[in-house]
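Some notes on the structure that comes next.
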Amino acid sequence: MAIVSSITNHSSLPNDKGEERLVGPSLLKEELKLSQQDSLRPKSFDDFVGQSELKKVLEISVKASLKRGEALDHLMLYGPPGLGKTTMALVIAEELGVKARVTSAPALERPRDIVGLLINIQPRELIFVDEIHRLNRISQELLYPAMEDRRLDLTVGKGTSSRMRSIEIPPFTLVGATTKPAALSSPMRDRFGITQRLDFYNYLDLENIIKRSAKLINLVISEEASQQLAKRCRGTPRIANRLIRRVRDYAEVYSHSKKIDVEVVNDALDLHRVDQRGLDATDRSYIGLLVNQYQGGPVGLETLAAGLGEDSTTLETVVEPYLMQIGFLHRTSRGRVVTPAAKKHYLLTSPNNIDK
């Protein structure tokens, strides 16, 4: 399977010091340099760990389309970042035996970008559009007839002399990935024949991902070490693979070994200030402010943002979701409130009750 990529715009959200978060779900700058042929990516449904229900649905659809000799129905994959939407799209292309054209919505701002993508498409090829919810209205409307009727409707000329020209295109599969499916227009959503959600991974699946990745980069990791890593990666494979690379770096420099035990994992991640629940310094500062200055809340978002020197949108979309996921934070009509579990964890992991 060939992969053609035109992704030019991904962003990871840094903290207020301009540093990228090791446990953030978005791609880091170093990861942007990795191609879609990253050695840790699964190449088949069998290699893809987790998401068992999703895999079953897609395996059936892929096998049925191959049996009929037809293009797979258009597919929308949605869910939090870092769970494998891009990887799943590439696996599908591999299973179909077709080329994958990989792009993102910011690279498709102008009509000619859409036309350029579709005009040379080959029968049954797969187009993957990341962040598809960011497509503007004109780009979405250009895709409507392409997805439904396999044609491009182009306006030729200007003013009174303008006319509509339709160009037929071969059957193809559009795979759209999004963290915000509701941000897509209703007509756009309706044109996807298959819509599937990716969920956060359980500890067992994450352990298996970590073991698989360790083997691929020639590491020997103990059972206890893989369990410890799984607890710290926030249910997200992207973070799991990122952490195992950092642990590898630490082991090679300090242990001069490719054997990873639980002590190496703890030492490496303590150095990066990632605790046993996957919280980093930003998370602990957030909880610490609530616990130490506001007795656990409730506190308004803007007040917290001012106290931390962070943007309120960053807190709401990057910091808070994981804290809510693990039961450390409640959003109420009166403001943010930390739970007893959050207070207990904070007091245990911050000796002076303040994360400096």
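Just so you know, glycine gets a Cβ as well, placed from its N, Cα and C.
Worth saying up front: this structure is predicted, and the values here are computed from it rather than measured.
Quick look at what Swiss-Prot annotates:
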REGION    1-20  region 'Disordered'
COMPBIAS  1-14  compositional bias 'Polar residues'
REGION    13-201  region 'Large ATPase domain (RuvB-L)'
BINDING   LEU40, ARG41, GLY82, LYS85, THR86, THR87, ARG191, TYR201, ARG238  ATP binding site
BINDING   THR86  Mg(2+) binding site
REGION    202-273  region 'Small ATPAse domain (RuvB-S)'
REGION    276-356  region 'Head domain (RuvB-H)'
BINDING   ARG331, ARG336  DNA binding site
C-beta crowding around LEU40 (ATP binding site), within 10 angstroms: 18
LEU40, GLY82, THR86, ARG191, ARG238 filtered to the binding-site residues whose C-alpha is within 10 Å of ARG336 (DNA binding site): none
Candidate with sparsest Cβ neighbourhood (10 Å radius) among ARG191, ARG238, ARG331, ARG336, the listed binding-site residues: ARG331
Integer Å distance between the CA atoms belonging to ARG331 (DNA binding site) and GLY82 (ATP binding site): 24
Rounded Cα separation (Å) that holds between LEU40 (ATP binding site) and ARG331 (DNA binding site): 37
Surrounding CB atoms that lie within 10 Å of the CB of THR86 (ATP binding site), all protein chains: 23
For the region 'Head domain (RuvB-H)' (276-356), residues assigned helix / strand / coil by DSSP: 46 helix, 9 strand, 26 coil
Integer Cα-Cα distance in angstrom, ARG191 (ATP binding site) to ARG331 (DNA binding site): 35
Secondary structure content of the region 'Small ATPAse domain (RuvB-S)' (202-273), with strand meaning DSSP E or B: 53 helix, 4 strand, 15 coil
GLY82 (ATP binding site): tally of other CB atoms within 10 A of its CB: 25
Helix, strand or coil at THR86 (ATP binding site) [DSSP, three-state]: helix
For the region 'Head domain (RuvB-H)' (276-356), the mean pLDDT of the predicted model: 87
ATP binding residues LEU40, ARG41, GLY82, LYS85, THR86, THR87, ARG191, TYR201, ARG238: largest Cα-Cα distance, in Å and rounded to whole number: 32
